[in-house]
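**Student:** Submitted below is the structure of interest, expressed as structure tokens.
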Amino acid sequence: MATRYKLIMTLAAVALSTIFFASCATTPVEKPQALRHNQITMEDPAPALLAYQGKTPGEQEKIARSYEQQPPLIPHKIDGYRIDFKVNRCLECHDRPFYKEEQAPKIGDSHYRDREGKELTQIWMGRYNCNQCHVPQTDAPPLVSNTFQSIKTGN
Ligand code: HEC
Ligand code: HEC
């Protein structure tokens, strides 16, 4: 009996509060425009696939950095450049033994130090997964317009 009484009281409370809030909502509120352009209950459509810019390494202009200490963006294509525990294609061009012959920008000295600052003869494993920080670019319009300006100096 007690549970049924509780249930009835809860239902009554819900009904009353619905009536109360409905009466408050007289002025229509402007709906926020979500970036997903979709109802929250609907599935998100996958964004259109955009081709990465940049072609074969060796023919691309470097991309200007936006701020100091930014991991430089990758100006060339990276399709098929494997990074796994056996091979790292990026190292085969950018690592100390190869960069001169490949005419590729040398990996920064910071990458050959561990987190305690100890100098290593090989790249520190914490930097092994290059694409975690360095990414290729697509010509995607910004989702939100902004007035950001890159640093004027630097490379
Ligand atoms: C075949 C050699 C080669 C391979 C493989 C290669 N790169 Fe490059 N990379 C270059 C060259 C050469 C440049 C200079 C720009 C150009 O000419 O394309 C460059 C430029 C870059 C830059 C820009 C550096 C700067 O100072 O602006 C980054 C970052 C980079 N590569 C990261 C990578 C990553 C990450 C991979 C692996 C996914 C990779 N590269 C694989 C040759 C290579
Ligand atoms: C944890 C983030 C991170 C990872 C992982 C990483 N880098 Fe970098 N990289 C940076 C940052 C930040 C810079 C710019 C500052 C510096 O040189 O330390 C940079 C700079 C560079 C440069 C330009 C150096 C110069 O003197 O202009 C090259 C080339 C490069 N990285 C290649 C690589 C390659 C190849 C890998 C993978 C083997 C890699 N990086 C992994 C963050 C990273």
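Cβ atoms here come from the backbone N, Cα and C positions, even for glycine.
Dumping what TrEMBL says about this protein:
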SIGNAL    1-22  signal peptide
BINDING   His76, Cys90, Cys93, His94  heme c 1 binding site
BINDING   His111, Cys130, Cys133, His134  heme c 2 binding site
**Student:** In whole Å, how far is His76 (heme c 1 binding site) from His134 (heme c 2 binding site) when you measure between their Cα atoms?
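**Tutor:** A Cα-Cα distance of 11 Å.
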**Student:** Suppose we screen the binding-site residues Cys90, Cys93, His94, Cys130, Cys133 by Cβ distance to ligand 2 with a cut-off under 6 Å; which survive, in sequence order?
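**Tutor:** Close enough to ligand 2 are Cys90, His94, Cys130, Cys133.
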**Student:** Which of the binding-site residues His111, Cys130, Cys133 has its Cα closest in space to the Cα of Cys90 (heme c 1 binding site)?
**Tutor:** Cys130
**Student:** Cβ-Cβ under 8 Å from His111 (heme c 2 binding site), same chain, 6 or more residues apart: which ones?
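**Tutor:** Ile123, Trp124, Arg127 - these are the non-local Cβ neighbours of His111 (heme c 2 binding site), listed in sequence order.
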**Student:** For ligand 1, list the binding-site residues among His111, Cys130, Cys133 whose CB atom is within a distance below 6 Å of it, in sequence order.
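**Tutor:** Cys130, in sequence order.
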**Student:** Take the mean position of the Cβ atoms of His111, Cys130, Cys133, His134, the recorded heme c 2 site. Which other residues of that chain put their Cβ within 8 Å of it?
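**Tutor:** Result: Pro71, Cys90, Ile107, Arg127, Asn129, Asn131, Gln132.
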**Student:** How many neighbouring Cβ atoms, not counting its own, are there within 10 Å of the Cβ of Cys130 (heme c 2 binding site)?
**Tutor:** 21
**Student:** Around the heme c 1 site (His76, Cys90, Cys93, His94), what further same-chain residues have their C-beta within 8 angstroms of the site's C-beta centre?
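**Tutor:** Result: Pro57, Ile74, Tyr81, Arg89, Leu91, Glu92, Glu102, Ala104.
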**Student:** List nothing but the largest Cα to Cα distance in Å, as a whole number, among the residues His111, Cys130, Cys133, His134 that the record says bind heme c 2.
**Tutor:** 13
**Student:** My understanding is the cutoff is Cβ-Cβ under 8 Å with a sequence separation of 6 or more in the same chain; which residues meet that for Cys93 (heme c 1 binding site)?
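**Tutor:** Those within reach of Cys93 (heme c 1 binding site), by Cβ under 8 Å and sequence separation of 6 or more, are Pro57, Tyr99, Glu102, Ala104.
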**Student:** Can you tell me how far the Cα of Cys130 (heme c 2 binding site) sits from the Cα of His94 (heme c 1 binding site), in Å?
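**Tutor:** His94 (heme c 1 binding site) has its Cα 11 Å from the Cα of Cys130 (heme c 2 binding site).
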**Student:** How many whole Å apart are the CA atoms of Cys133 (heme c 2 binding site) and His94 (heme c 1 binding site)?
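**Tutor:** Each residue's Cα considered, Cys133 (heme c 2 binding site) and His94 (heme c 1 binding site) end up 15 Å apart.
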